[in-house]
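Taken straight from TrEMBL:
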- B:12-36: transmembrane segment (TRANSMEM)
- B:69-93: transmembrane segment (TRANSMEM)
- B:69-257: domain 'ABC transmembrane type-1' (DOMAIN)
- B:105-124: transmembrane segment (TRANSMEM)
- B:130-153: transmembrane segment (TRANSMEM)
- B:185-204: transmembrane segment (TRANSMEM)
- B:210-228: transmembrane segment (TRANSMEM)
- B:240-260: transmembrane segment (TRANSMEM)
């Protein structure tokens with residue numbers, strides 16, 4: 001092989017439901033071994049993209065390739081791709097072990113061998129010994145592990161996860177994030193997951209595709225999309241951001257373009273503080289202070305617009321104070337289009 | 001004390017409930033009773049004496065029972081099989097698809113059981129006439145299938161609606177084609193509903209009179225045989241013996257169906 005074909009390739013893929021373009025001319029390469037996130041608000045087309053990879057949907061236009069082979073017209077059961085469903089979709093009339101062994105049973109793997117494989121798959125997701133349990137007896141987190149084992153036991157080339165952590169509580173979610181990451185690293189399988197939670201996408205994925213209204217608006221590493229958003233939508237959706245108008249940016253050390261400025265890049269200083277040469281500043285009055293545990297969010301009304309700054313907790317700024325906001329000019333990221 | 005008094009049913013309501021039950025079930029008890037009477041020409045109350053000889057008579061010296069019995073079993077069995085196939089397919093299609101007119105089609109499926117049997121009967125009879133289909137066992141079976149399908153459809157559609165659509169996708173995702181998915185995922189979950197629907201359909205067909213009268217040619221099913229037997233003066237309790245038999249043959253499947261669907265609802269709820 002002289003070149004490596006991408007794990008998943010979308011070429012100008014569109015999928016319409018009635019008059020709605022759920023997926024609108026999407027082109028995308030997901031590389032082998034990547035932990036790839038499809039991030040976007042609900043209805044943005046990310047889940048439809050996942051279903052297109054799984055084969056539950058067929059594109060109306062364009063082509064999809066999975067490891068260099070066309071997926072056009074290939075039904076889900078002939079794709080070497082497995083899915084962890086959002087509601088896990090465990091078979092209620094089967095035990096945990098039967099659930100995990102289902103794919104192998106369908107492939108005609110002998111009983112002893114598939115039980116052995118199901119057992120080790122369950123051990124991999126830390127559910128050793130749960131083979132004969134009923135799925136109704138499991139907690140949400142355990143069900144998800146079963147769903148994961150049921151998919152992975154088939155040795156898929158690509159594992160698809162639909163909002164994998166959506167139904168779990170915060171503590172469990174953080175724990176599963178770590179586990180999914182280490183599982184992905186140790187197995188080396190391409191993971192593609194759908195989420196609307198930007199924190200989840202940033203912390204788990206190698207690369208993120210951000211969807212809005214059926215289109216991909218930006219693809220990049222988590223730090224790419226966070227540090228260098230190319231549109232107001234991305235700047236707003238991934239973390240929170242101050243979006244500066246072209247006029248404001250131009251008069252405050254930036255270019256005459258819509259500009260993103262992350263709240264944590266802004267320092268709050270006394271009104272007459274010295275401004276370093278590499279920095280820009282704006283004066284204003286503190287209008288709101290919101291304590292958020294690790295950080296404090298401070299809203300400052302400047303002459304032109306209100307800016308939000310986050311500082312480590314324990315600031316002595318009070319509401320009504322006149323302050324100076326100082327930020328490095330390099331922290332101002334000009335965005336491509338005005339949208 | 002007062003709460004207990006509030007919870008207990010008022011006396012008047014109790015009496016009317018008991019009266020209602022008696023009204024429904026006393027005639028049944030009389031049918032059983034007259035299967036044992038010694039008087040063979042009229043139903044005299046109280047019976048002059050009790051005997052079990054009519055069971056023997058029905059079994060050994062009335063060959064005219066066997067042909068209608070065999071026909072009724074045959075019709076019920078074939079109509080039930082047809083209903084299971086078409087009722088399940090219809091339920092699968094209508095519970096999955098969302099399209100304009102879906103509710104109307106659903107209603108059209110259920111209509112034959114809501115319509116008076118006489119309408120179904122006349123409609124079928126004229127349809128068979130127009131198409132020059134001679135009346136035979138098969139016209140009876142087709143007539144029965146119209147309402148048997150409804151019973152299976154109703155049972156199956158309720159279960160299909162509870163079936164999580166993701167399970168089908170999960171099965172296909174794990175490599176199963178449509179047939180394997182039906183065999184391993186759908187059938188185990190709708191199985192009890194189908195069994196219950198099938199049993200109800202069998203029971204309905206087995207004692208059907210009206211549609212049968214319109215769609216039968218020279219054939220006599222067991223209920224029709226009973227009807228004609230009432231006019232004859234001879235060996236009346238034999239009819240009652242057959243009635244007891246019909247009662248058991250239809251009651252058992254209905255009871256079984258009741259328990260099967262009840263259990264199904266139970267497990268359906270607990271898996272949530």
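Every residue, even glycine, has its Cβ placed from backbone N, Cα and C.
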Stretch with greatest number of CB pairs under 8 Å, the transmembrane segment (B:69-93) reference, B:105-124, B:185-204, B:210-228, B:240-260 candidates: B:185-204
Beyond the flanks of the transmembrane segment (B:130-153) by at least 6 residues, Cβ under 8 Å: 71, 74-76, 78-80, 82-84, 86-88, 90-91, 109-113, 117, 120-121, 124, 194, 197-198, 200-202, 204-205, 208, 211-212, 214-219, 221
Non-local residues, at least 6 beyond the ends, that sit with Cβ under 8 Å of the transmembrane segment (B:210-228): 64-65, 67-69, 71-72, 75, 116-118, 120-122, 124-125, 128, 134-137, 139-140, 142-144, 146-147, 239, 242-243, 246
